[in-house]
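Note sheet for the following structure.
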Amino acid sequence: MMKLDEIIETLRQGKHVDEDSIYSLCVMAQELLMNESNVTHVDTPVTICGDIHGQLHDLLTLFAKSGGIEKNRYIFLGDFVDRGFYSLESFLLLVCYKLRYPDRIVLIRGNHETRQITKVYGFYDEVVRKYGNSNVWRYCCEVFDYLPLGAIVNNKVFCVHGGLSPDVLSINEIRTIDRKKEVPHEGAMCDLLWSDPEDVDTWSLSPRGAGFLFGQNEVDKFLHTNSVELIARAHQLVMEGYKEMFDGGLVTVWSAPNYCYRCGNVAAVLRIDDDMTKDYTIFEAVQARDSGGNVILPTKKPQMDYFL
């Protein structure tokens, strides 16, 4: 196996890592993640990051704009893969950082960290194109199964990919979920990864076909029950990079600028300081290139679907 720091530098350049090294990385990652709780405790200061979706060069910009992994703590809210041209390199870079700096980075599972979704939205095809088989995809999917479902910052900020669930009122209930499996089509684990905030009075069916829509009543109830001040989540494209809702009780953070190389949005990360103050850093996309090094030209009409 290549040395970890050598793999990190190779991935940062978007270059090929051999299959045996990836297998070893994924096995080590599973062993490390196996010992993490469903909801990981994180101290401040920390930087909270939203969806990445395989946009490696923008991920590198994210680290550059926010101080870097060597001196800062990070929480990534999931959706590392699919849609972008460098899903594998983006996910493996974060896995390497987790192995290199285990106390500095938390990787939460998103709705795209599943076998079913990655077979449809790009990650599976990317791996087969780059390696000629699906072995590396399988290794990564096994890591997905061990990713935690949430994080709690200073017992005051609850971090999750999607949102809330009618089956979960307390954070302690999330800790009892058996997470080490493919994401189910319904139930608490599914909802945490798929639900969205909306201006609704009560739980409503989601147009995504999974999870629920939830409003301020449910957010206020969750905040009060768990004595937390903020829900930080991702999962939805926000043109301005972040969006606060429900009197500041919830924020959506989006960290993939010019999403799908065509949407024209900026990206953001959220830093929570020791005194619990919030500071957003906004950044724009770098010039996107495909896996062959060719500049990607934006399409004229973005066509979005519900599986963000």
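Each residue's number is its place along the chain shown, starting with 1.
Each Cβ is built from the backbone N, Cα and C atoms, and glycine gets one as well.
Since the structure is predicted, the reported quantities are computational estimates derived from the model, not experimental observations.
Swiss-Prot names D51, H53 for binding Mn(2+) 1. Of D20, D79, the residue it gives for the same site is D79. DSSP gives H53 (Mn(2+) 1 binding site) a coil state; it is part of no helix or strand.
Between the CA atoms of H161 (Mn(2+) 2 binding site) and D79 (Mn(2+) 1 binding site) there is a gap of 8 Å. Neighbour count (other Cβ atoms within 10 Å of the Cβ, all protein chains): 27 for H235 (Mn(2+) 2 binding site).
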